[in-house]
């Protein structure tokens, strides 16, 4: 009898434990979500300005945004445009404080003087080149180049500040996109990194230098400059499973889609990108002054004009890209200001991959890797680590595993934003979600409140990410940019990002995970020293 009582007590205790676990891990989170849903996303009121502690990480000093009101009734848009309603939403209309000289990348007088000098050098160079070409009996197409102080690309450069590459309502950006689609090309050349190779490449390297990616620097009639990446892959093609990320092709449509996604997420850290049909004969071959570039052009058996990369291990016709017969579609990315006037530094990503066939990095085997990163400069203060996490979310949505470095403008120091450059290896596989890209988020369990509430907004049916991206990409002349499976993959991946955040909150609590960065305006950005004094 005593044994039966003991068995009954054991059975009752087991059922109680199972019920308690079910209540704690399943029912309570659901009730919390329901409660949060009734309050909408957050109460971004004045009481929410204080910053939570971050464990071993110093409390970040965040961008000094103007206070945003609570999320209320959705803004209506008479055109039925989801994208229009999204950009009219209060979350996309937060005003930054007035920018002082120290918060702007460049001043007008400084930029104008810099480009006038460059224009004078260009004119002297062209005069000497035309004289040499005449002596050598070489026919060169001559284009008139003018310097327009009101050009959209100059306004884009002047709009760069410590918060983003451009403001939400900057009219120069849509104008620049439109201009790049039709500006006359007056010069074509290799990019600086390809020139640095000088045609000599180590074929034994696993990771090939960027010189084999077939990208060109195009100069326009108004002295604007854009990077051209030609189409290498059809939109409905997926990267084969056996191809390593570090030898994957660079896709022009990925560059275009990444710019639109960056804008939809309100990061604004990708330079403006548009698609364009380029005449490889008239707009590259006939305007280039580089004999090495001229030498890689040929006519295919189908009578199409083709060219291939400078690097020796791909100096073969099977690696070429071809026009049809002369027109070739590609992406045009607006250049940032030159390094001599707006210096940038390139920093290794703490979550860099091994770039070998068998090696693994520490973060791939150590689940507590972020605890070490939090103690290291510059990730132990400021918002650099939070910006790394933003970048990992952006890369996860695009499927880009090739983020080995990131760049910042030196003028803004540790408080500046991270540039999201070189996104052409995204959107390669719509059928696979590479969760390791989210390692910074899942290991650090930190995210900006501004990032989280926008992700939650884009998960709602009235602002569904795939829908607003589909609408945004229709603005590009090479539409469709992404196939439907890639657009739907964005929704699926967004849900996975939100689930990772939810698991972090469940383990550590919301105050430890979500950093409230809707702060009131301060007079000026604080330095690291001033931040320590404040603490």
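In case you wondered, yes, glycine gets a Cβ from its N, Cα and C as well.
According to TrEMBL, the protein has these features:
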ACT_SITE  402  active site
BINDING   229, 333, 334, 335, 336, 407, 422  ATP binding site
BINDING   422  Mn(2+) binding site
DOMAIN    297-514  domain 'FAM20 C-terminal'
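Annotation for residue 333 (ATP binding site): spatial neighbours 226, 227, 229, 255, 259, 271, 272, 273, criterion Cβ-Cβ under 8 Å with sequence separation of six or more. In the structure shown, across all protein chains, 422 is the one of the binding-site residues 407, 422 with the greatest number of other Cβ atoms within 10 Å.
Compared over the recorded positions 334, 402, the count of CB atoms lying within 10 A of a residue's CB peaks at 334.
For the ATP site, whose binding residues are given in the record as 229, 333, 334, 335, 336, 407, 422, the maximum C-alpha distance rounds to 20 Å.
For the binding-site residues 229, 335, 336, counting C-beta atoms within 10 A of each C-beta gives the highest total at 229. Proximity note: of the listed binding-site residues (334, 335, 336, 422), 422 have a CA within 10 Å of the CA of residue 402 (active site), given in sequence order.
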